[in-house]
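The following features are taken from TrEMBL:
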type: TRANSMEM; residues: B:6-25; note: transmembrane segment
type: TRANSMEM; residues: B:62-81; note: transmembrane segment
type: TRANSMEM; residues: B:136-154; note: transmembrane segment
type: TRANSMEM; residues: B:175-193; note: transmembrane segment
type: TRANSMEM; residues: B:247-268; note: transmembrane segment
type: TRANSMEM; residues: B:280-299; note: transmembrane segment
type: TRANSMEM; residues: B:367-387; note: transmembrane segment
type: TRANSMEM; residues: B:407-429; note: transmembrane segment
type: TRANSMEM; residues: B:474-496; note: transmembrane segment
type: TRANSMEM; residues: B:517-539; note: transmembrane segment
Amino acid sequence: MSTTTPTSAATSAPTSSGRSRTRTVHLGSFGRQTVAGLRMLLVMTVLVGVLYPAVVWAVGQAAFRDQASGSLVRRDGVVVGSSLLGQQWTGPQWFHSRPSVSEYAGDTSGGSNLTATDPRLLREVAQRRAALGAGGASAPADALTASASGLDPHISPEYAAAQVFRVARARGLTTEQVRRLVTDHTQRRTLGYLGMPRVDVLELNLALDAAARR
Amino acid sequence: MGTTLSGLLTIATVVLVLAVAHVPLGDAMARVFTGERHLRVESAVYRLCGVSPSSEQRWSTYALSVAGFSAVSIVGLFALIRFQGSLPLARGAAMDTDTAVNTAVSFATNTNWQSYVGEVGASPVVQTLGLAVQNFVSAAVGLAIAVALIRGLTRNASTTLGNFWVDLTRSVVRILLPLAAIGAIVLLAGGVVQDLTAPEVVHGLSGVDQTVQSGLIASQEAIKELGTNGGGYLNANSAHPLENPNAVTNLVQVVLMLVIPFSLPRTYGVLVGDRRQGQAVLAFMATLWVAMLAVITWAETAAATGPLGAMEGKEVRFGVWGSTLFAHTTTATSTGAVNSLHESYSPLGGGGVLFNMMLGEVSPGGVGAGLYGALVVAILAVFVAGLMVGRTPEIVGKTVGRREITLVALVTVTTPALVLLGTGAALALGTARAGLLGTGPHGLTEMLYAFTSASNNNGSAFAGLTADQPYLNLTLAACMLLGRFVPILLILALAGSLAAQRRRPATDGAMPTHTPLFAGLMVGVAVLVTGLTFLPVLALGPLAEALS
């Protein structure tokens, strides 16, 4: 970077004799800098507000169309959800997702923000335990707690295993059949070590429906 | 594989990637700010903006450019938000005046505190043309200030610090834009949405309708992390599966947050002509990063042995380790994105991420802001050491005199003053206190967290706080504004003062600033200053909660 002598008034050094003059120059300077700032903001808006997202969008359309539009899952050509979003399942014939503050509506997202010792959370946990019936006492943590997003698509393999008996009975399938489906849809840690073992509830329930139809 | 081993290997992967990347990236950034030639696109930018790229600015003019640009950014973003209803793709999105003020200040100051809900508060036009643009340029302002301070240290009896418009443009064009584009495409491939069609309401297999959100999320997500901004497109931020779908995208986001802040010490070392100077700063940042990661992970894994497994407010795909790594990184950099709810953390886990911000965002801190914050700590450490052993306080050939240490002291007290005064006033006032979710010590921590986050330009929250109310919107906006621009102004004055000095070869009387000992001294100074300032309030908040 060169350190050439400044030439414009805006960059000239103030001298003690010219203090008042310098101050007026600076006021004018702020105006000039602001105008330059406005022009810079507009140019940057075109560059990183329009061109950059447009290029990423074009790459998505060309190479990652499925991901770009929300990883939608279809059955018989009809969209039945997103593989990334959990759903609210009711009835014994489905594997259930985790508790959700927003009941998986998707128009907003978030969690309870409550601490593990907050009486309001403890009350909710007691209700969730009671709703799980006999398995409530030994329920895994993710069956009792709400996620951060309210849209967690996954449950732990333990929580899936805890639901096998209920689902099998409601579907008229053997527990062995249902247990095998759970095993088939249990995703391991990516590359063997990243993240947690998990079950995508929508994919498991889709497989369950398919097995029940056969 | 056990969860502990998996977590440790994940951390090792992050460290390995950074260890490999920081050398070439640090060198490249040094070239960006010293190169004589302008790229064709940059020359076009200068022409369109009517600025002369070859003119040099005194520190005061540099500061006026920063002020002029940031003022326009705030006013422009505010106008865009308030008029979004009249613009295309509005889809009913709206914010009140005080929320819009808060948001405009928040994104222009690189804070990205969000008192609005992304799904309903900001249209795609506001998100893409407003918020995402500020994600780029506010990070570029941070880089520019860091480079101006380095020039203050390296220039010899100079009245000037470079040209803000050139530093800003080069930061965007040569550093942020290429890295963000790579990051965005990786995230897109991993499942992050990039779509402009309206959010689709699908009839779920469960029989219940569900809205699948859309938007130009992948492009915004990449710069959100890379620019250490942190404002989520959607309310749940990086916990939302459409923003952060899996463990790989989580890892990518953690790396994006850290890569520039951890590379800048190398840039500093190269620019001052002594790489060991950069290594000492890097060692300082890395020591704090590792130590606090250990504390927060220990607190949360200990909490995970309870019946709730520490899973309230966490996602199954990340688990406890993937959540704490992110929570720690987002507060140690000034990002503030979240992939889990910090308020639901154990008292010491939540206190740990709070302490990260209280350190002043230097471990490794925000883009640019982390480095200039660390250099302030270095100057303070030089001064303290000078007092202790009677050596001349010098850093890379520049003397720390009365003017310099006065400016450094003012930088050091600015944010704590904003945090403590802001928290105290809000807790004294009924309307703000009524917004608290937590009670007792946890309620205190919740309010303290808000003002610590705003004043340090982090942007994460103990999100149980109902922050979208006029009093908090306006006072937090004031904290973000002052917490950003008062230190920037002081640091530019410091840079000007240092640049005016002659650069002298190191004397025997000076304390070396490139040794492990000095890095240790920096850690000690940072922890002591933070501890002395915040211990009383930490004792009343997270520590009291942990002991009860």
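Using the three backbone atoms N, Cα and C, a Cβ is placed for every residue, glycine included.
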Which residues of the same chain, at least 6 past either end of the transmembrane segment (B:136-154), have a Cβ under 8 Å from a Cβ in it?
29, 33, 59, 62, 66, 69-70, 73, 107-110, 161-162, 164, 167-169, 171-172, 175-177, 180, 223, 226-229, 260, 264, 267-268, 271-273, 366-369, 371-372, 375, 395-398, 488, 491-492, 494-499, 503
Maximum Cβ pairs under 8 Å to the transmembrane segment (B:367-387) among B:6-25, B:280-299, B:407-429, B:474-496, B:517-539 is reached by B:517-539
Are there three or more C-beta pairs under 8 angstroms joining the transmembrane segment (B:474-496) and the transmembrane segment (B:280-299), sequence spacing 6 or more?
no
Given pairs 6 or more apart, does the transmembrane segment (B:474-496) have at least three Cβ pairs under 8 Å with the transmembrane segment (B:517-539)?
no
Under 8 Å, at least 3 Cβ pairs, sequence separation 6 or more: does that hold for the transmembrane segment (B:407-429) versus the transmembrane segment (B:62-81)?
no
